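Feature annotations, courtesy of Swiss-Prot:
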- 1-20: signal peptide (SIGNAL)
- 203-399: domain 'Peptidase M12B' (DOMAIN)
- 263: N-linked glycosylation site (CARBOHYD)
- 314-394: disulfide bond (DISULFID)
- 339, 343, 349: Zn(2+) binding site (BINDING)
- 340: active site (ACT_SITE)
- 354-378: disulfide bond (DISULFID)
- 356-361: disulfide bond (DISULFID)
- 377: N-linked glycosylation site (CARBOHYD)
- 407-493: domain 'Disintegrin' (DOMAIN)
- 410-429: disulfide bond (DISULFID)
- 421-439: disulfide bond (DISULFID)
- 423-434: disulfide bond (DISULFID)
- 433-456: disulfide bond (DISULFID)
- 447-453: disulfide bond (DISULFID)
- 452-478: disulfide bond (DISULFID)
- 465-485: disulfide bond (DISULFID)
- 472-497: disulfide bond (DISULFID)
């Protein structure tokens with residue numbers, strides 16, 4: 001039975017409340033102080049697990065602006081893949097890879113009771129650190145560095161003093177795909193039941209992060225500090241993508257603690273190109289994953305905070321992005337990470353007519369304070385079009401689960417250890433491949449998802465699975481024995497196409513996007 005931790009936080013007026021203070025997020029000119037007092041209350045029949053340091057579920061009661069709130073938190077059990085690893089280098093350049101224990105981690109998602117639009121992302125490693133959204137406003141909480149004190153500061157983003165007022169951009173100049181025609185055609189189609197199921201299925205982006213040498217130096221070589229920062233960044237990223245049924249478990253971190261393995265320069269396009277080539281030729285040979293970010297402390301020219309390719313998720317060389325560790329605030333840097341990953345998922349910058357119900361949306365070309373947490377209606381349509389046209393099926397492969405603390409619960413719509421599938425209760429299950437009563441796949445199925453899969457069976461041989469996308473392209477057809485569409489074929493080099501220009505390489509050119 002899941003444990004529930006009840007912590008009562010008593011709000012006290014701090015003597016220096018309202019004065020400026022230096023916190024991890026920067027200089028804060030207005031804040032409240034809270035003193036968390038932990039009270040543990042186990043449900044009847046529950047047993048305390050001595051080996052578990054951080055509970056699966058926690059609940060906090062406290063006040064904000066004199067109003068009582070109840071914060072519910074649940075451990076993010078999709079934060080890591082089971083084969084999570086870390087790599088750093090010895091002084092002589094030797095690669096050292098370890099598999100740290102990550103089952104009993106301290107990173108949570110949550111919500112405010114009686115606030116349907118609330119969200120929260122909290123680290124409970126050393127006190128409470130993170131953010132929560134309450135009645136449309138975002139608050140941050142972090143421990144105050146006072147010896148022998150449980151004092152925490154609660155404050156708003158607008159109370160963080162800005163060090164630089166210059167607008168920080170996603171330096172993208174053109175985010176459309178090679179041709180807008182397939183997008184327009186796709187957006188005019190009514191999704192079939194199979195397509196809608198393909199859209200709605202959980203996506204798992206196996207996520208890898210590389211930390212460049214400048215960032216290691218920025219944190220004085222303290223890999224433990226960088227590691228915890230990255231864990232919270234990825235926790236926030238997952239919180240933002242969860243409404244889209246996207247999860248991004250962290251499969252690994254590589255620290256370039258001795259030197260950079262590529263030439264990281266202030267030119268974002270140049271660095272992105274080198275990083276993609278290195279990933280394809282080196283990193284993918286050592287670690288299977290879907291997507292890689294280079295987290296850097298370099299300052300890119302033209303106020304650029306990040307850059308990524310467009311519509312390239314699952315591509316060996318182009319499924320990458322750059323992110324500058326721009327501010328102490330983890331939420332701001334996480335918003336840049338979400339934005340750049342969005343480009344790889346086929347999403348362009350928002351136009352003025354796009355709407356997400358907030359002042360600023362994730363794919364707005366400039367970063368805003370407080371950072372955005374919602375995608376716009378335009379982003380959702382572009383993402384669905386990307387799934388329809390490019391079919392990034394690497395994101396359908398489920399990573400190994402790390403949840404070894406709680407037993408699986410069949411029917412909760414969460415795939416857990418020992419389950420082959422979990423589509424919810426028998427009344428709500430919409431997956432024809434899954435037996436909702438047993439959470440096992442039906443014995444007769446041949447496939448679940450894929451370009452050549454229909455209603456859990458292979459599509460007949462000869463069924464077109466990839467149409468012609470340019471004059472140089474050729475159609476591909478299902479074999480009747482596999483879910484995969486055959487490799488993309490093109491006219492031989494030299495055959496006149498594309499306005500009589502010779503076919504060359506046979507690859508779509510993807511436009512780079514900069515945040």
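Positions of Cβ are set from backbone N, Cα and C atoms, glycine also.
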Requested in this report: Report, in whole Å, the straight Cα-to-Cα distance of residue 478 (disulfide bond) from residue 485 (disulfide bond).
Outcome: 6
**Report entry** Listed disulfide-bonded residues 354, 429, 433, 478, filtered to Cα within 10 Å of residue 361 (disulfide bond)
**Finding:** 354
Query - Candidates 354, 410, 423, namely the disulfide-bonded residues, that fall within 10 Å of residue 439 (disulfide bond) by Cα distance - result: 410, 423
Report summary line: glycosylation sites considered: 263, 377; fewest surrounding Cβ atoms within 10 Å belongs to 263
Query raised in the report: How many other Cβ atoms are found within 10 Å of the Cβ atom of residue 354 (disulfide bond), counting all protein chains shown?
Result: 19
Query - For the domain 'Disintegrin' (407-493), the mean pLDDT of the predicted model - result: 79
Report task. Whole-number Å only: compute the distance from the Cα of residue 339 (Zn(2+) binding site) to the Cα of residue 378 (disulfide bond). Result -> 14
Query raised in the report: Around residue 433 (disulfide bond), how many other C-beta atoms are within 10 angstroms of its C-beta?
Result: 20
Requested in this report: Out of 377, 378, 429, give those recorded positions positioned within 10 angstroms of residue 349 (Zn(2+) binding site), comparing C-alpha atoms, in sequence order.
Outcome: 378
Query raised in the report: Based on Cα coordinates, which of the following recorded positions are within 10 Å of residue 478 (disulfide bond): 340, 356, 394, 410, 453, 465?
Result: 453, 465
Query raised in the report: Around residue 356 (disulfide bond), how many other CB atoms lie within 10 A of its CB?
Result: 20
**Report entry** Distance from residue 452 (disulfide bond) back to residue 394 (disulfide bond), taken between C-alpha atoms, in Å
**Finding:** 14
Query raised in the report: Which whole-number value in Å describes the distance between the Cα atoms of residue 452 (disulfide bond) and residue 340 (active site)?
Result: 30
Report task. Round to the nearest Å and give the CA-to-CA distance linking residue 340 (active site) with residue 453 (disulfide bond). Result -> 31
